[in-house]
Amino acid sequence: MNLKDRRLKKIMEVLSLIFTFEIVASFILSTYNPPYQDLLIKLDYISIMFFTFEFIYNFYYVEDKAKFFKDIYNIVDAIVVIAFLLYSLQVFYSKAFLGLRVINLLRILVLLRIIKLRKLEENQALINFLTLLTICFIASCLIWIVESGVNPAINNFFDAFYFTTISITTVGYGDITPKTDAGKLIIIFSVLFFISGLITSLQKALKGD
């Protein structure tokens with residue numbers, strides 16, 4: 001890879017981070033029903049169009065195409081791109097948006113890209129923190145979608161994030177509880193996933209000793 005290609009790759013990585021965080025901010029702000037919701041959706045379109053370009057660019061220049069799809073990070077990008085294309089086709093043919101909940105589900109798929117941030121840092125403590133943050137964040141987004149409008153205690157993203165965090169960390173104050181079966185399942189699987197991750201980390205640490 002020559003100097004020009006390395007510079008382009010670096011620029012792509014920086015833009016990828018910027019657009020990923022745009023999606024994160026967009027989702028959080030959307031839970032407060034802002035008057036600029038349409039603007040957020042337009043910004044999301046720009047971000048996801050960049051992700052689509054980035055995915056095609058990476059796939060085009062990789063030598064081993066089969067190995068490309070064995071990488072979990074590329075699979076995440078593929079899911080995001082396919083979901084975006086399907087949603088765009090639906091909007092084009094129906095001439096109308098499908099609703100904020102569908103848009104937020106698409107945003108959550110994009111949030112899976114947070115997982116890729118772990119590649120940027122080799123510090124194990126920071127990797128563990130980013131992993132936990134990713135689990136809590138995505139679970140919070142799902143909780144907000146299924147519980148908002150049903151659960152009077154969950155009115156915005158912060159309420160959902162607070163509830164998810166204390167549930168996953170098993171603190172569980174009990175001041176906020178899920179009201180829907182979907183919400184309960186999300187918390188159950190999130191806690192089980194978190195605990196299984198702790199067990200795996202402990203097993204690796206013991207083997208290392």
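Using the three backbone atoms N, Cα and C, a Cβ is placed for every residue, glycine included.
According to Swiss-Prot, the motif 'Selectivity filter' annotation covers 170-175.
Summarising the annotation, Swiss-Prot assigns topological domain 'Cytoplasmic' to 1-10 (among others) and lists sequence analysis as the type of evidence.
Per-residue pLDDT, averaged across the topological domain 'Extracellular' (32-38), gives 81. The topological domain 'Extracellular' annotation in Swiss-Prot covers 32-38 (among others) and is backed by sequence analysis.
For 60-71 (among others), the entry in Swiss-Prot reads topological domain 'Cytoplasmic', with the evidence type sequence analysis. Outside the topological domain 'Cytoplasmic' (60-71), and at least 6 residues removed from its termini, the chain residues within Cβ reach (under 8 Å) are 78.
Residues annotated as topological domain 'Extracellular' in Swiss-Prot, with sequence analysis given as evidence: 93-96 (among others).
The topological domain 'Cytoplasmic' annotation in Swiss-Prot covers 118-125 (among others) and is backed by sequence analysis.
Packing against the topological domain 'Extracellular' (147-181) from elsewhere in the chain are residues 27-28, 31-32, 132, 135-137, 139-141, 187, 190-191, 194: each is 6 or more residues past its ends and has a CB under 8 Å from a CB in it. According to Swiss-Prot, the feature topological domain 'Extracellular' maps to 147-181 (among others).
Look at Swiss-Prot and you will find 203-209 (among others) tagged as topological domain 'Cytoplasmic', backed by sequence analysis.
Positions annotated as transmembrane segment by Swiss-Prot: 11-31 (among others).
Residues or ranges marked as transmembrane segment in Swiss-Prot: 39-59 (among others).
The transmembrane segment feature in Swiss-Prot is assigned to 72-92 (among others).
The transmembrane segment annotation in Swiss-Prot covers 97-117 (among others).
Annotated transmembrane segment per Swiss-Prot: 126-146 (among others), in sequence order, evidence recorded as sequence analysis.
Packing against the transmembrane segment (182-202) from elsewhere in the chain are residues 128, 131-132, 135-136, 139, 142-143, 146-147, 151, 164, 167-168, 170: each is 6 or more residues past its ends and has a CB under 8 Å from a CB in it. If you look up Swiss-Prot, you'll see 182-202 (among others) marked as transmembrane segment.
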How many helix, strand and coil residues does the topological domain 'Cytoplasmic' (60-71) contain under DSSP? 6 helix, 0 strand, 6 coil
